[in-house]
């Protein structure tokens, strides 16, 4: 497995973790070993997502970078958004969904790295999105004070709910029977069958990250050193423990045959792995930790489980580089298409199901190699200097 974390210092860190039994044979030794650093962005990292082969990172530099974990190489950059990339989510190995401050949600083909659909999702920024386990629905929240449900089979809006405040996190439960919406330090629990709030959890500080440990237990981290476990049914705090010396920025949970693991990343520079007890009332025990000496912002865990036969990836083709000028014209064409679509009262839905094959991609795709992008940026700077 590989721990990956982005930071304010524009770097993505990768640490390989290989659990090894101790000499007595009873305990496991988890030791993160520095594996790579990826410095592809020109601004701080804001989001990270992983599937069975790739790691993608979003940044304030408005680009999404792709890192091939099998080959350990930069796979190129997606340059469709105009604004900070705020959220990235994979669904299986076939699709990636991105959201940004430009108000767009984009559905990407994760094989050819083409934009299948560009949706004008929110009037303000898209702050967070979450995909239902079935891949048929997605939820998004934005700075227009709305919670929006998306039909991903037809690529259109299914439901809009005014929530009176700007939410910054939305998350489905593992089975998709409930979801939570986070506004500052308040966590509203919704039931899917009624689409209404069944209860509210209040954290002591503003919430920075949540992750479901089971269908009913939610781990909550905020602008503090403590992580708390809440029961979403009884709305009570089951336990809390001090995880770091500074605020916890992000969390990720996964299960191995032997353990249920929670990973935390903090502004103190540490990434820590915790072994969860079966009874969540008992605080977890520390498996290992590593100090990056950086201000961490986002976290992911790459699990080398091989590719699913149903979602197998073809041999990776080298991305066809395009210039920044082409990328800009693609954005303009895509923006015009969205405006035309919004003018129509009942547009024909463009299929972009995450559970099946999609239609041909729109013109809003942009896969640029990192080398080409830097060359173009340098030539543009030289051109500006000549003008001056």
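Cβ atoms are placed via backbone N, Cα and C, with glycine included.
Per TrEMBL, repeat 'WD' is recorded for 38-70 (among others). Taking Cβ pairs closer than 8 Å, the repeat 'WD' (38-70) reaches residues 2, 4-12, 14, 76-90, 92-93, 96, 98, 100, 110, 113, 297-308, 313, 316, 370, 373 in its own chain, all 6 or more past its ends.
Per-residue pLDDT, averaged across the repeat 'WD' (78-118), gives 92. Taken from TrEMBL, the feature repeat 'WD' applies to 78-118 (among others).
Residues annotated as repeat 'WD' in TrEMBL: 119-160 (among others).
The repeat 'WD' annotation in TrEMBL covers 241-284 (among others). Sequence-remote contacts of a segment are chain residues at least 6 beyond its ends whose Cβ falls under 8 Å from one of its Cβ atoms, and for the repeat 'WD' (241-284) they are 3, 5, 13, 15, 17, 19, 28, 30, 32, 208-214, 217, 219, 221-227, 229, 290-301, 303.
The region 'Disordered' annotation in TrEMBL covers 310-388.
The compositional bias 'Basic and acidic residues' feature in TrEMBL is assigned to 325-351.
Feature annotation from TrEMBL assigns compositional bias 'Polar residues' to 355-368.
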Could you count the residues of the repeat 'WD' (119-160) that DSSP puts in helix, in strand and in coil? 0 helix, 25 strand, 17 coil
